[in-house]
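For 25-49, 79-96, 108-127, 147-167, 179-199, 219-239, 260-279, 285-301, 308-329, 335-353, the entry in TrEMBL reads transmembrane segment.
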Amino acid sequence: MTTVASEGTDSLPGGRHKKSDNYRLTLLMLWFVALALAVLSLMSGSIHLSPTEVLQAFFPNTTHTTAYEVIWNLRLPRTLLALLVGLQFAIAGLILQCVTRNPLADPSIIGISSGSSLAIVTVLLLVDYVNAMFLFNTPVKISLEWLPFAAFIGGAISTLFVVLLSIKSNLRPVTLTLNGFAVGAMTNAIVMWLVIVWGGGRTETTVLWLAGSLYARDFSHIMLVLPWTLLGLLLLPLLKSPMSLLRFNEQQAKALGMNVMAWRIACIAVAVIFAASAISVSGPIGFLGLIVPHISRLLVGGDIKRQFWVCALVGASLTLAADLVARTIVSPIELPAGAITTLLGIPVLLFLLQKQVRHQS
């Protein structure tokens, strides 16, 4: 009787069924929220559309209406991209918080965001510099498809640098976190220097992108990020058990024969895939990777497999909501979505910091 009581009601058949039912209900509600926000996103903007007009745009007659053009050329790609980007940042944050055992971790914690941003800004400004210096008859252009590769390489190099700095401590979470902050600060400083000194005509758009924006995105951006999203999702099932062990007890993982360092690097690599591809199309939308994993834990507890899918839905919905607010709150002026998520994230960060201080004291 004592054993059953100490394990809680979840160890009983009824407890497991109740927990499973709650999980399904949570998923259903999150799907509904995401769908409702998507419809609202399609309706809202400088040209307001009714639900009927939105529906008719998906079943047009031979004449393309204004609603059809607005939805298919502007709002639908932006809405879908917000869902994908939010999913990626959220799952990347969850992975990093588990691997580093740091509740404050997100893609910026080990330099992914800053490294990816530095790579993309460098590539774009380098193309402008080559065109200005050599005056080609046909200007050199960078294909959109190369940007995720540049972001991945930049994020991977930055992350590798952090890992190498931390490897003597066997990639201990505290060391990894401190080195990540240092490398992130350094690369962010380089990015700002490049933009200010060499930005030229790209300064305004680059600063907007660095703030995290989905402005003027189309279906080509979706096709750019979709393969990387699918690749990351296919790799997630492989990480479930290693992440569960790394999150709670490193010594137990070693006792079970797990190569802690190898799995930690593998998990970080998947986080780089998610975050870098998202950054390549939206810029670094701040605090998503920090906020969403905590929301998912509040909703479904500590089960990693369940957290993955809840994180994906919460991250997608939160990004869509932030973008919706950003483009309507002071319309026709548009704010970057990253500004909205930062306003949401700062109070959460302060709360978590105070919680950490109280726990340590």
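Note that Cβ sites are derived from N, Cα and C of the backbone, with glycine treated the same way.
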Stretch contact, the transmembrane segment (79-96) with the transmembrane segment (179-199), Cβ-Cβ under 8 Å, 3+ pairs: no
Contact call for the transmembrane segment (147-167) and the transmembrane segment (25-49): at least 3 Cβ pairs under 8 Å, seq gap 6+: no
Contact set, same chain, for the transmembrane segment (219-239): CB under 8 Å, 6 or more residues outside the stretch: 77, 80-81, 84-85, 87-88, 91, 95, 144-145, 147-148, 152, 266-267, 270, 273-274, 276-278, 280-281, 308
Interface check, the transmembrane segment (285-301) with the transmembrane segment (179-199), three or more C-beta pairs under 8 A: no
